[in-house]
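The structure appears right after this line, and notes come after that.
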Amino acid sequence: MKSLSILGSTGSIGLSTLDVVRRHPERFSIAALAEGHDVEMLLKQIDEFRPSLVSVRDEASRERLKGMLGDHKPEILCGLEGAAEVAAVDGADMVVSAIVGAAGLVPTVRAIEAGKDIALANKETLVVAGQLVSDLVKKHDVKLLPVDSEHSAIFQSLVGHRTEDIERIILTASGGPFRKTPAEELKNVGPEQALKHPQWSMGAKITIDSATLMNKGLEVIEAHWLFDMPAEKIGVVVHPQSIIHSMVEYIDGCVIAQLGVPDMRAPIAYALAWPERCETGIGKLDLTKVATLTFEEPDMERFPALRLAFDALKAGQTYPAVLNAANEIAVAAFLDKKIGFTDIAGTVDKTMQAHEAWTPITLEEYLQADKWARETARQLIG
């Protein structure tokens, strides 16, 4: 029996994780849950999975939840410190890190320091503080298992192979809803259109990132830290059908890929059960029905966010943290209809140009870069 703590239990990844847990009560149990916005959903999760500890967004949500509890009454904490306590709770073997954005960094670090294995859905943790997190994973001898479908695919495609035999890793991208949209029309795109992803069901922030290709850019940086690959050995190819989730090319010219229907329960289950596998409830892949798999180069002129991410990775230091923070502010502004679609990458670019980078060492220094970028991006947006 593996006991789990879930950071972001009421979000898309959290709900999919609990669906896997629900299917395997003999394999998984829930020690603690942290949510951000949906107290009613958390109440249902408490009744079903009976965690000993939960955390909510703020004190008002804490008091509200306290008055709604049934016969099972877990300890209720709130805020960032509450999420960090959920991450480090005694009795949990693994922490599913699925809080959206850089907010997931501190709780994930706390989990690693507490000796927990990590199922990482929060890519921003590695984007913002990849060197720090990688060092902590080694220091505390914990496992860092990818939940992103692309990184799970690479992880699976690397099994049994030597690092020195890798030619490159290839991340696939759906291309988003605007893959065929002319550049001059992109500036008129609204949130309603951008939130319609052609293949995946995800939260709002990651769906917008997928539309700008920033999500793929963040995944490039994540792949660098997960697999110790330089930027020059990480490629991106647009694959609209989202059947091949990513690939590894080896020095002998062979390419190994992982295929499956696009459903996040598959990579989640792989991370939870690793090195074993478990049933997920997703449909079986029928290649005769898919019939055609197509590929194309990403257009970094129409979607400059991907280029900016490669630039940040190559520049290193605090640039990836600044890229991520500015993007979070810009995406929120776009969803609030304060800026246009093409202004998202524009805001990130201007923030990066204004940044004087340094080499961060401590968690506080990474967070300082994050804070600076958020303030600068807000000023640029006005």
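Placement of Cβ uses the backbone N, Cα and C atoms for every residue, glycine included.
The NADPH binding site feature in Swiss-Prot is assigned to THR10, GLY11, SER12, ILE13, GLY36, ASN122, GLU124, GLY203; the stated evidence is sequence analysis. According to Swiss-Prot, the feature 1-deoxy-D-xylulose 5-phosphate binding site maps to LYS123, SER149, GLU150, SER174, HIS197, SER210, ASN215, LYS216, GLU219, an assignment based on sequence analysis. The Mn(2+) binding site feature in Swiss-Prot is assigned to ASP148, GLU150, GLU219.
According to DSSP, ASP148 (Mn(2+) binding site) is assigned to coil rather than to any helix or strand. Within 8 Å of the Cβ centroid of the Mn(2+) site, not counting the listed residues ASP148, GLU150, GLU219, the chain contributes LYS123, PRO146, SER149, HIS151, SER152, LEU171, ASN215, LYS216, GLU222, ALA223, SER246. Among the binding-site residues GLY11, GLY36, GLY203, the residue whose Cβ has the fewest other Cβ atoms within 10 Å is GLY203. For GLU219 (1-deoxy-D-xylulose 5-phosphate binding site), the number of other Cβ atoms no farther than 10 Å from its own Cβ, over all displayed protein chains, is 30. Taking CA atoms as the reference points, ASN122 (NADPH binding site) and GLU150 (1-deoxy-D-xylulose 5-phosphate binding site) are 13 Å apart.
Long-range neighbours of THR10 (NADPH binding site) (same chain, six or more residues apart, CB within less than 8 Å of its CB): GLU35, GLY36, HIS37, ASP38, MET41, LEU42, GLN45. You'll find the Cα of GLU124 (NADPH binding site) roughly 12 Å from the Cα of ASP148 (Mn(2+) binding site). Minimal Cβ crowding within 10 Å, among the binding-site residues SER12, ASN122, ASN215, is found at SER12. Between the two most distant C-alpha atoms of the annotated NADPH binders (THR10, GLY11, SER12, ILE13, GLY36, ASN122, GLU124, GLY203) there are 19 Å. Here the Cβ of ILE13 (NADPH binding site) has 28 other Cβ atoms within 10 Å, regardless of which shown protein chain they belong to. All chains included, 28 other C-beta atoms sit within 10 angstroms of the C-beta of LYS123 (1-deoxy-D-xylulose 5-phosphate binding site).
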